[in-house]
Amino acid sequence: MACLEVCNEEKIKERQDQERTFDGAVDWHGRPAIKAKSGKWVAGIIILLNQGLATLAFFGVGVNLVLFLTRVLQQSNADAANNVSKWTGTVYIFSLVGAFLSDSYWGRYKTCAIFQVIFVIGLVILSLASYLFLIRPKGCGDELTPCGSHSSMEVSLFYLSIYLIALGNGGYQPNIATFGADQFDENDPREGYSKVAFFSYFYLALNLGSLFSNTILGYFEDEGMWALGFWVSAGSAFAALVLFLGGSARYRHFKPSGNPLSRFCQVIIAAIKKYGVEMPPDGEEELYNVDTKDCSMNGNRKILHTDGFKFLDRAAFISSRDIDDQKRGCSNPWRLCPITQVEEVKSILRLLPIWLCTIIYSVVFTQMASLFVEQGAAMKTTISNFKIPPASMSAFDILSVAFFIFLYRRVLDPLVKQTGLKGLTELQRMGVGLVIAIIAMVSAGLVECYRLKYARKDCKHCEGSSSLSIFWQAPQYALIGASEVFMYVGQLEFFNAQTPDGLKSFGSALCMTSISLGNYVSSLLVTMVMKISTEDHMPGWIPGNLNRGHLDRFYFLLAALTAIDLAVYMACARWYKCIKLEGKCEEINDQEESSRV
């Protein structure tokens with residue numbers, strides 16, 4: 001009897017060891033992924049470490065780029081802030097390129113590997129260019145020693161390197177987040193919970209990775225040791241690449257679904273071709289559906305029919321001509337599309353208003369890398385004989401992110417669930433993020449008012465000209481960090497959950513392109529504000545010497561714009577209808593109800 005029990009236990013264990021994932025993931029060899037031998041937190045931790053090292057490398061360049069442009073390349077404050085915004089925006093525009101290649105042709109693993117190689121190459125070129133050409137005379141680039149002039153070839157090499165970094169990091173970022181989420185089967189309750197947790201820890205890894213850059217590397221770069229900082233970044237990016245490739249055998253993969261642009265165009269063209277067709281009032285049964293054993297299209301889960309965007313339903317309406325085509329075995333995808341394909345287009349169209357509302361938040365977020373740094377440089381940055389690099393103040397943002405992720409996941413969320421509620425939805429958390437962002441901009445404006453009050457107006461250079469300590473910036477950085485936990489983590493979860501299976505990388509890219517457009521909008525706002533505020537020979541709100549300007553008014557303007565954006569966002573969130581995947585309708589309906597509370 002005891003032998004029989006042991007045998008049964010061994011059989012159960014063997015069956016569990018060979019149990020496949022439910023979501024269609026495959027292993028390194030293209031075979032169905034086995035739960036016990038792939039994915040989960042073993043693969044997840046490798047990806048989190050990879051993200052931390054890659055982020056350290058990226059922010060080793062990005063966090064002090066505005067100071068590099070002013071001190072080494074001799075650009076003005078406004079020009080440097082604009083160039084940083086454009087560069088950062090380009091980083092996130094390239095995320096669309098990476099997402100398209102990943103979802104359509106390469107898959108997430110191959111895309112991540114290729115763009116990380118480009119990232120390393122860009123960092124090596126930047127390190128060599130800085131060491132050999134840009135940091136001349138030797139020791140220049142600190143607060144007191146400006147660098148000399150540079151040839152057009154040297155400047156071109158610099159821009160080539162930083163835009164290779166933009167391409168590499170931009171193409172890699174949306175795919176690594178989604179690739180990490182792929183390691184957890186959301187159809188398994190335990191792994192599904194881990195998948196939601198992964199996004200929080202992913203954002204935490206991103207911030208912890210930048211902590212070293214914003215403090216240690218930021219200090220060395222602020223002291224003029226730019227080449228050292230860039231070489232450390234290059235080494236970190238190379239270590240991240242080696243770590244990522246080392247975990248290859250453990251990863252779970254999803255096959256690319258083909259070009260989404262052609263699928264989108266087919267739906268639009270098919271709907272237009274049937275513009276004159278009279279649709280029955282309740283014609284859902286007459287809509288074309290693909291009947292397969294696994295209820296999927298291209299290996300993805302079916303999306304159920306939803307109301308809204310009724311015009312697109314024409315693409316799935318089976319006309320008499322479509323019946324004749326099917327009888328002849330020559331169905332035309334440019335005249336007839338399955339419901340799931342139509343609903344793919346609908347789901348993206350529903351996401352766009354929410355996505356547009358996140359752009360103004362990204363305008364607020366991008367100030368940390370530009371105007372916050374310039375504001376900090378104009379404050380008292382010394383404690384005894386130790387000088388605090390202005391960019392290192394973003395450490396308060398990182399610590400705030402870590403604290404609020406812990407607070408939300410370990411305290412607030414369990415506490416809310418004990419009351420019988422399901423916790424805040426992604427849409428509600430994004431709204432909270434906007435509210436905190438408004439408070440952050442008001443805080444930054446008030447600090448600037450007091451900085452001006454204690455500043456010397458007659459100084460030629462505004463760096464360190466105010467007696468107000470730089471630590472007064474800590475609240476605005478901490479508030480931005482708190483808002484990120486609600487906005488960006490919520491965004492990652494929301495867009496990953498609400499995009500169709502074949503467009504998951506595109507969902508992550510939407511998060512990044514909102515940051516991209518936020519940088520471009522920030523650059524446009526700075527240009528417009530300077531043009532208007534410098535009329536009649538006035539110094540403007542953001543002059544080279546901030547003590548003669550009104551940076552506080554620009555911060556208050558951003559607070560007002562974010563408040564307007566919050567009102568629009570609330571209307572869009574109430575209008576939004578969640579995607580309905582087969583087998584998950586009850587859960588989605590619960591989410592829709594709670595999002596309207």
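Note that Cβ sites are derived from N, Cα and C of the backbone, with glycine treated the same way.
Quick look at what TrEMBL lists:
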- 41-69: transmembrane segment (TRANSMEM)
- 113-135: transmembrane segment (TRANSMEM)
- 155-172: transmembrane segment (TRANSMEM)
- 193-212: transmembrane segment (TRANSMEM)
- 224-245: transmembrane segment (TRANSMEM)
- 348-368: transmembrane segment (TRANSMEM)
- 388-408: transmembrane segment (TRANSMEM)
- 429-447: transmembrane segment (TRANSMEM)
- 509-534: transmembrane segment (TRANSMEM)
- 554-572: transmembrane segment (TRANSMEM)
Annotated stretches the transmembrane segment (224-245) and the transmembrane segment (554-572) touching (3 or more Cβ pairs under 8 Å): no
The transmembrane segment (509-534) and the transmembrane segment (554-572) contact flag, 3+ Cβ pairs under 8 angstroms: yes
Closest-packing stretch to the transmembrane segment (193-212), where packing means Cβ pairs under 8 Å, from 41-69, 113-135, 348-368, 429-447, 554-572: 41-69
Most Cβ pairs under 8 Å with the transmembrane segment (429-447), selected from 113-135, 155-172, 348-368, 388-408, 554-572: 554-572
Same-chain residues near the transmembrane segment (41-69), Cβ under 8 Å, at least 6 residues beyond its ends: 75, 79-81, 83-84, 87-88, 116, 119, 123, 126, 141, 162, 165, 169, 172, 176, 179-180, 183-184, 194, 198, 201-202, 205-210, 212-214, 217-218, 221-222, 226, 229-230, 232-234, 236-237, 239-240, 243-244, 246-247, 250-252, 369-370, 373-374, 377, 389-391, 394
Residues of the parent chain within Cβ reach of the transmembrane segment (348-368), under 8 Å, 6 or more residues beyond its termini: 85, 88, 264, 308-309, 394, 397, 427, 430, 433-434, 437, 440-441, 444, 477, 480, 483-484, 487, 491, 494-495, 498-499, 503, 507, 510-511, 513-519, 521-522, 525, 555, 558, 561-562, 565, 568-569, 572-573, 575-577, 579
Chain residues in Cβ proximity to the transmembrane segment (155-172) (below 8 Å; excluding those fewer than six residues from its ends, i.e. six or more beyond): 54, 58, 61, 65, 73, 87, 90-95, 97-98, 101, 111-112, 114-123, 125-126, 129-130, 133-134, 512
